[in-house]
Amino acid sequence: MGQKLEKVDSSSLESTFAKSLSLRYGVALTGGIACGKSSVSRLLQARGFEIICADSIAHCVLEECAGVLVGTFGKGIVESNGPITINRKALGEIVFSDPAKRTLLESITHPRIYAQIIAKACMLEARKKWYFLDIPLFFESGGRARYGVDMVVCVSAREDLQLARLMQRNTLTLEQAKARIQSQMPLGQKLAQSDIVIDNSSTLPALEAKVDSMLRELAMRIKA
């Protein structure tokens, strides 16, 4: 884990993929933090759709880059026991309070995350079946132009619910939760750039109904 990784040239990745990248069967799934993208992903999986989860890929990339990250951000981001494992909460406290350090983290991890997302997507394209790319920072990291998708679904929720969910899920203070939300593109801007919006401010049964409605709308738009 402590081995130094070769630097990934993001511009090289862009030139490799972006010029001709077109994910005909891919649909982007994004939204605000703690709005419920994971819940929507689970419902889509239950309905037989393949999901490419950027967060899961990111967790693996953190471990792949552990040595570089410790050298960059210090030993305080390492779990106390066992082999080198990144403490994501400790790392988050550093980068979400310092935009420059967040940009530095993204420069290390995002090229690798992007490469793995596109590699998985290209494999799924061969099946000629619709699938979803669950990418929380879809718009922040380049949007349609970078990922080669036409359709974007955005999950939203009221800000008070976002804060409550984030504080409970990540054991954050109110100020820490606000900082996480403010570190992303404003939700309203994401909604304005999306094709379909799912509001997850209610119950799970209501969310299920909205997911089914979204799939029907998506099918009609694709046929048109």
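The first residue you see is number 1, and the count goes up from there.
Placed from the backbone N, Cα and C atoms, the Cβ positions cover glycine too.
Some features that TrEMBL has for this protein:
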type: BINDING; residues: Ala34, Cys35, Gly36, Lys37, Ser38, Ser39; note: ATP binding site
Please report the number of other Cβ atoms within 10 Å of the Cβ of Cys35 (ATP binding site). 28
Sort out for me which one of Lys37, Ser38, Ser39 has the most neighbouring CB atoms within 10 A, since those are the binding-site residues we care about. Lys37
If one looks at the chain holding Ala34 (ATP binding site), which residues at least 6 apart in sequence have a CB under 8 angstroms from its CB? Ala157, Leu161, Gln162, Leu163, Arg165, Leu166, Arg169, Ile181
Neighbour tally for Gly36 (ATP binding site), based on other Cβ positions within 10 Å of its Cβ: 23
